[in-house]
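> My structure is below; once you've seen it, I'll send some questions.
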Amino acid sequence: MSDSRDPASDQMKQWKEQRASQRPDVLTTGGGNPIGDKLNIMTAGSRGPLLVQDVVFTDEMAHFDRERIPERVVHAKGAGAFGYFEVTHDITRYSKAKVFEHIGKRTPIAVRFSTVTGESGSADTVRDPRGFAVKFYTEDGNWDLVGNNTPIFFIRDAILFPSFIHSQKRNPQTHLKDPDMVWDFWSLRPESLHQVSFLFSDRGIPDGHRHMNGYGSHTFKLVNADGEAVYCKFHYKTDQGIKNLPVGEAGRLAQEDPDYGLRDLFNAIANGNYPSWTFYIQVMTFKEAETFPFNPFDLTKVWPHKDYPLIPVGKLVLNKNPVNYFAEVEQMAFDPSNMPPGIEPSPDKMLQGRLFAYPDTHRHRLGPNYLQIPVNCPYRARVANYQRDGPMCMHDNQGGAPNYYPNSFSAPEQQRSALEHSVQCAVDVKRFNSANEDNVTQVRTFYTKVLNEEERKRLCENIAGHLKDAQLFIQKKAVKNFTDVHPDYGARIQALLDKYNAEKPKNAIHTYTQAGSHMAAKGKANL
């Protein structure tokens with residue numbers, strides 16, 4: 001029976017076999033003191049109380065009480081691996097970034113795949129966007145390309161992100177996933193139509209992590225050695241081929257093997273079947289951006305490939321599993337603001353918001369010195385700055401070097417060649433409403449030209465199967481949005497909803513307790 005077990009199932013057995021010639025280590029406390037008895041607490045007599053001096057117990061229990069760190073507010077369930085990025089095509093005419101320096105150059109990478117809305121223990125096979133984040137360890141510091149498996153997103157303005165995520169997570173009173181919340185937000189923000197359509201298509205449930213594409217999604221800026229800049233988008237297409245899970249199979253796996261994606265990735269790498277992705281860019285000049293028919297920084301839209309073809313750049317290859325999940329995957333922290341010279345942000349509103357949000361959440365989750373954690377450390381660059389101290393400072397704290405700038409003592413100096421590309425700005429400063437920036441044209445193309453008839457049928461079935469659990473007035477708003485995309489799109493979904501609603505009558509409205517009313521009433525009763 002053991003011969004048929006996969007590497008993930010046999011991890012403990014393999015660990016023992018790798019150490020077969022070694023004697024077991026001496027068991028110690030966290031402070032390195034040898035332990036004589038790990039099976040029995042120290043008591044005053046066989047039936048007496050525990051003694052405070054049992055430091056073996058207190059050392060063990062105190063550490064156990066603090067094992068968990070805050071869960072990621074999104075992308076909590078994930079799998080990670082390590083490998084390299086190899087340049088196969090020259091793009092130095094676009095970017096001076098050292099990661100693209102010459103053909104054949106290899107850069108170490110770390111990758112984390114994830115679902116978005118589920119908790120850490122949730123299933124890998126739910127219908128949910130997938131995170132696909134890549135950390136490049138370059139000589140000019142880390143480059144974190146924090147992407148997804150879709151080239152688009154639900155919203156285009158970062159201020160909506162907390163509310164969007166709240167709507168996808170659990171109801172604040174029932175603590176249940178709530179279709180009313182999900183579809184109410186989507187129906188009120190029709191810019192979500194493109195991503196919603198992608199999500200409920202066949203690609204909404206990838207077959208594990210190896211068989212899906214990745215996208216930087218945002219628009220970025222590339223700058224070459226002459227200071228010339230272009231806008232770009234990043235794509236990484238799976239070399240294993242796109243594979244998706246049918247709804248029934250995904251449901252079965254969610255029950256029988258909720259860690260399906262994690263297991264599949266670990267076993268593939270352990271068996272030498274290294275997954276890879278071909279890396280591409282799209283490029284748009286500043287002049288083209290000015291005359292583009294829509295906002296080129298809009299995260300709810302794609303750049304047409306016929307106008308902006310994919311330019312091959314290199315390969316992402318994953319060939320090493322993590323040695324310890326917590327140390328190397330749970331503590332892995334991606335930050336879109338980590339950009340080496342040659343790669344810069346665009347005015348994309350969602351990207352601009354993420355530049356702040358990601359490092360901020362890492363400082364909360366992992367501490368202010370999270371970049372000293374080995375998996376996050378830019379180990380191929382020398383970190384030299386004026387940041388000091390803070391909880392969990394694990395290095396030499398930059399020794400006796402000056403901790404202020406400027407100074408007269410040969411401490412780190414700024415490098416003019418690292419200056420960002422300059423941008424001229426003479427515009428009004430205000431809160432611009434971007435809600436109605438053509439939310440349907442590209443969705444219509446997706447529905448009528450990208451999908452075939454069978455795929456359209458499954459898309460509408462998937463949407464109706466989820467939307468049916470929302471209230472009727474929310475269903476009506478959602479169907480109107482789909483009808484705006486294409487009459488056939490809305491009509492199919494409405495017909496399916498009519499069947500569902502005939503089987504199960506809907507309440508007209510839910511009543512929610514006003515905030516604080518229960519506690520207020522209880523307080524008055526006690527007066």
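Any Cβ shown, glycine's included, is placed from N, Cα and C.
Swiss-Prot lists these features:
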- 1-22: compositional bias 'Basic and acidic residues' (COMPBIAS)
- Ser2: N-acetylserine (MOD_RES)
- Ser9: phosphoserine (MOD_RES)
- Ser21: phosphoserine (MOD_RES)
- His75: active site (ACT_SITE)
- Asn148: active site (ACT_SITE)
- His194, Ser201, Arg203, Asn213, Lys237, Trp303, His305, Lys306: NADP(+) binding site (BINDING)
- Lys233: N6-acetyllysine (MOD_RES)
- Lys306: N6-acetyllysine (MOD_RES)
- Tyr358: heme binding site (BINDING)
- Ser417: phosphoserine (MOD_RES)
- Ser422: phosphoserine (MOD_RES)
- Lys430: N6-acetyllysine (MOD_RES)
- Ser434: phosphoserine (MOD_RES)
- Lys449: N6-acetyllysine (MOD_RES)
- Lys480: N6-acetyllysine (MOD_RES)
- Lys499: N6-acetyllysine (MOD_RES)
- Ser517: phosphoserine (MOD_RES)
- 524-527: motif 'Microbody targeting signal' (MOTIF)
> Mind giving me a neighbour count for His75 (active site)? Other Cβ atoms within 10 Å of its Cβ, every protein chain shown.
21
> Have a look at the recorded positions His75, Lys233, Tyr358, Lys499 and say which one has the shortest Cα distance to Ser434 (phosphoserine).
Lys233
> Please report the distance from the Cα of Lys233 (N6-acetyllysine) to the Cα of Trp303 (NADP(+) binding site), rounded to the nearest angstrom.
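That comes out at 8 Å between the alpha carbons.
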> Would you identify the secondary structure of Ser9 (phosphoserine) according to DSSP, in three states?
coil
> Using a 10 Å radius around its CB, how many other CB atoms surround Lys233 (N6-acetyllysine)?
22
> Which of the recorded positions listed here (Ser21, His75, Tyr358, Ser417, Lys430, Lys499) have a Cα atom within 10 Å of the Cα of Ser201 (NADP(+) binding site)?
none
> When a 10 Å sphere is centred on the Cβ of Lys499 (N6-acetyllysine), how many other Cβ atoms does it contain?
10
> Could you tell me which three-state DSSP class Trp303 (NADP(+) binding site) falls into?
coil
> Suppose you look only at the motif 'Microbody targeting signal' (524-527); what would the mean pLDDT be?
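The average pLDDT of the model in the motif 'Microbody targeting signal' (524-527) works out to 45.
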> Starting from each candidate's C-beta and looking 10 angstroms out, tell me which of the recorded positions His194, Arg203, Lys237, Lys430 has the most other C-beta atoms.
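Sorting the candidates by Cβ neighbours within 10 Å, the top entry is His194.
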> Between Ser417 (phosphoserine) and Asn213 (NADP(+) binding site), how many Å separate their Cα atoms?
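Cα to Cα, Ser417 (phosphoserine) and Asn213 (NADP(+) binding site) are separated by 34 Å.
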> Checking the spread of the NADP(+) site as listed (His194, Ser201, Arg203, Asn213, Lys237, Trp303, His305, Lys306): what is the longest Cα-Cα distance, in whole Å?
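Site span for NADP(+), by Cα atoms: 23 Å.
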> Calculate the distance in Å between the alpha carbons (Cα) of His194 (NADP(+) binding site) and Lys430 (N6-acetyllysine), and round it to a whole number.
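Distance between the two Cα atoms comes out at 27 Å.
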